[in-house]
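Report on the following structure.
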Amino acid sequence: MDSKTPVENLYSIEPALSSSSRRSNFSARSKSLGGSSIREVNFSDVGPQPVRYGSQGAESDTYSMSQKEINDEDARLVHINDPVNTNERFKFAGNSIRTAKYSILTFLPRNLFEQFHRVAYIYFLVIAVLNQLPQLAVFGRTASILPLAFVLLVTAVKDAYEDYRRHRADRIENNRLALVLVNNEFQQKKWKNIQVGEIIKIQANETIPCDMVLLSTSEPTGVAYVQTINLDGESNLKTRYAKQETLQKIPEKENVSGLIKCEKPNRNIYGFQANMEVDGKRVSLGPSNIILRGCELKNTTWAVGVVVYAGSETKAMLNNSGAPSKRSRLETHMNLEIIFLSLFLVALCTVVSVCAAVWLRRHRDELDYLPFYRRKDFSEDEEENYNYHGWGLEIIFTFLMSVIVFQIMIPISLYISMELVRVGQAYFMIRDAEMYDESSDTRFQCRALNINEDLGQIKYVFSDKTGTLTENKMEFQCASIWGVDYNGGKATSQDQKDGYFVQADGQVLRPKMVVKTDPELLQFVRNGKETKEGSYVHDFFLALAACNTIVPIIVDTPDPTLKLIDYQGESPDEQALVYAAAAYGFMLIERTSGHIVIDIQGERKR
């Protein structure tokens with residue numbers, strides 16, 4: 001059967017993606033276009049359309065959830081632009097954070113406690129203590145302590161340096177500056193001095209210093225785009241909304257006041273329940289109205305919000321369990337080996353002490369004069385026993401001295417070598433040129449030397465979706481338009497210079513990602529709506545370019561005459577489809593809260 005034979009009474013627009021995780025909601029949305037086709041008209045001629053403002057809700061489910069009444073016992077009261085009144089009844093946490101593990105007072109006891117989780121260190125400590133007793137001393141007392149002290153010192157210095165870097169990172173983070181409203185004027189203030197209830201202003205590409213409820217943005221509809229890669233690893237843009245009741249308020253020119261009643265701090269980064277009283281009105285707040293600490297403001301000139309959670313009470317810090325004490329599988333295996341060797345050593349020393357007991361019993365009448373033992377001391381006028389404590393104690397001392405003599409079964413030099421090797425491994429990994437990332441100008445960072453040997457030793461992989469393993473990057477492969485399957489069998493990969501581009505103000509705009517194109521589809525697109533098939537193809541790609549939530553971002557290049565368009569959005573599927581539309585000549589150029597601009601084969605449509 002010919003793959004391009006139209007199917008009767010079937011109208012389908014079903015783009016195929018290279019990932020099996022194609023979203024069902026897009027398919028349903030695409031199929032719903034079957035009753036009508038998109039006409040090539042100026043979008044502004046359609047007439048004004050209702051705009052969804054923040055107070056009308058972006059997500060109905062979260063809206064209804066936030067309508068629930070919050071009990072006074074489980075609520076936090078935040079007075080907008082009044083940190084003194086907010087912190088009068090309960091002193092809320094400041095915005096200073098601490099991720100370091102040790103302090104000057106707790107370093108020595110806590111570090112020693114963690115080091116002695118290694119069974120071998122306990123073994124070496126027992127040997128050193130036994131060797132301090134005069135009756136059991138086999139080696140010099142100092143010589144028995146030095147190896148263990150050296151290993152503990154090397155590990156302590158390594159742990160201290162790692163924790164010093166955490167303290168330094170905390171200090172840099174706490175001393176970053178943010179714009180805070182003071183006396184009707186935004187002034188720079190250190191992050192660590194920000195209080196709950198204060199109003200802060202965030203500029204584009206800045207990091208949010210605390211959890212804040214959005215009051216207004218540079219967009220007329222109160223929308224703000226944020227990137228949550230520091231929270232959940234997602235690089236796609238998320239939308240947050242300001243309520244219409246606070247959207248038009250300008251903190252520098254008028255006194256902004258109100259009361260926010262929100263839930264107590266919790267770890268759920270996807271949920272938020274609160275309500276806000278402002279100008280005699282009570283409006284509900286949900287997850288779409290709060291921006292969490294660690295997010296970055298993108299594609300929005302500025303955003304203003306009020307602090308509701310700060311410092312250790314922010315959702316990001318509540319999910320941070322602190323610097324863990326990591327142990328490699330090799331170290332865990334060595335602990336088991338040490339336990340087995342210790343049991344074997346006890347058994348061996350038991351055999352030696354039993355043999356000593358039998359020998360003492362057999363020669364008990366000869367002990368006073370037996371060479372190399374001679375129990376009696378004849379150097380004094382009065383004869384007395386020389387270092388003899390009885391048959392029972394002699395057996396115990398024999399057992400303990402055997403432990404000291406056989407201690408080389410567990411070599412302490414092994415641990416000294418391992419610590420030095422780990423330091424060397426970290427040095428070479430940090431200096432490895434193949435591990436250098438030019439885009440971010442960062443090198444490999446070895447934050448925990450204890451787990452060097454676990455790199456690459458993966459036994460199980462638990463994944464909740466394909467994006468965890470595939471970076472969630474989708475590619476447009478083929479499409480079925482009006483029953484005709486353009487399966488991409490002849491698809492060719494365009495070079496950056498040969499792909500579609502747009503000229504504007506003396507500059508060339510190109511899509512950032514190159515997409516494989518089908519020659520036959522390209523021909524239909526270039527011929528326009530002259531044929532019936534061409535009309536279907538035209539409407540298809542126009543729908544891909546228009547029906548989405550993608551935000552185009554202009555990226556500079558070393559060539560001043562060349563700009564790249566980077567399409568950012570919540571869905572990787574939408575990104576792939578919009579890049580595909582751009583490759584076929586339907587390039588999304590601009591998106592605002594009121595209109596979008598698409599370049600269709602050199603002709604701008606608004």
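Heads up, the Cβ atoms here are built off N, Cα and C, so glycines get one too.
Keep in mind that TrEMBL annotations are predicted by a computer and have not been checked by a curator.
Note that the structure is a prediction, hence the values are computed from the model and not measured.
In TrEMBL this protein carries:
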type	residues	note
ACT_SITE	ASP464	active site, 4-aspartylphosphate intermediate
COMPBIAS	18-32	compositional bias 'Low complexity'
DOMAIN	78-144	domain 'P-type ATPase N-terminal'
DOMAIN	177-240	domain 'P-type ATPase A'
REGION	1-63	region 'Disordered'
TRANSMEM	119-137	transmembrane segment
TRANSMEM	143-161	transmembrane segment
TRANSMEM	336-360	transmembrane segment
TRANSMEM	395-416	transmembrane segment
Q: Could you give me the DSSP helix, strand and coil counts for the domain 'P-type ATPase A' (177-240)?
A: 7 helix, 32 strand, 25 coil
Q: Using DSSP, tally how many residues of the domain 'P-type ATPase N-terminal' (78-144) sit in helix, strand and coil.
A: 32 helix, 2 strand, 33 coil
Q | Close approaches to the transmembrane segment (143-161) from elsewhere in its chain (Cβ under 8 angstroms; 6 or more beyond its ends) | A | 102, 107, 111-112, 114-115, 121, 124-125, 127-128, 131-132, 412-413, 415-416, 419-420, 422-423, 449
Q) Taking a Cβ cut-off under 8 Å, which residues six or more beyond the ends of the transmembrane segment (336-360) line up next to it in the same chain? A) 118-120, 123, 367, 391, 394-396, 398-399, 402-403, 406-407, 409-410
Q) Which residues, given as numbers and ranges, are at least 6 beyond the ends of the transmembrane segment (395-416) yet have a Cβ under 8 Å from it? A) 118, 120-121, 123-124, 127, 130-131, 135-136, 138-139, 147-148, 150-151, 154, 338, 341-342, 344-345, 348-350, 352-353, 356-357, 360, 389
Q) In this predicted model, what is the average pLDDT of the domain 'P-type ATPase N-terminal' (78-144)? A) 85
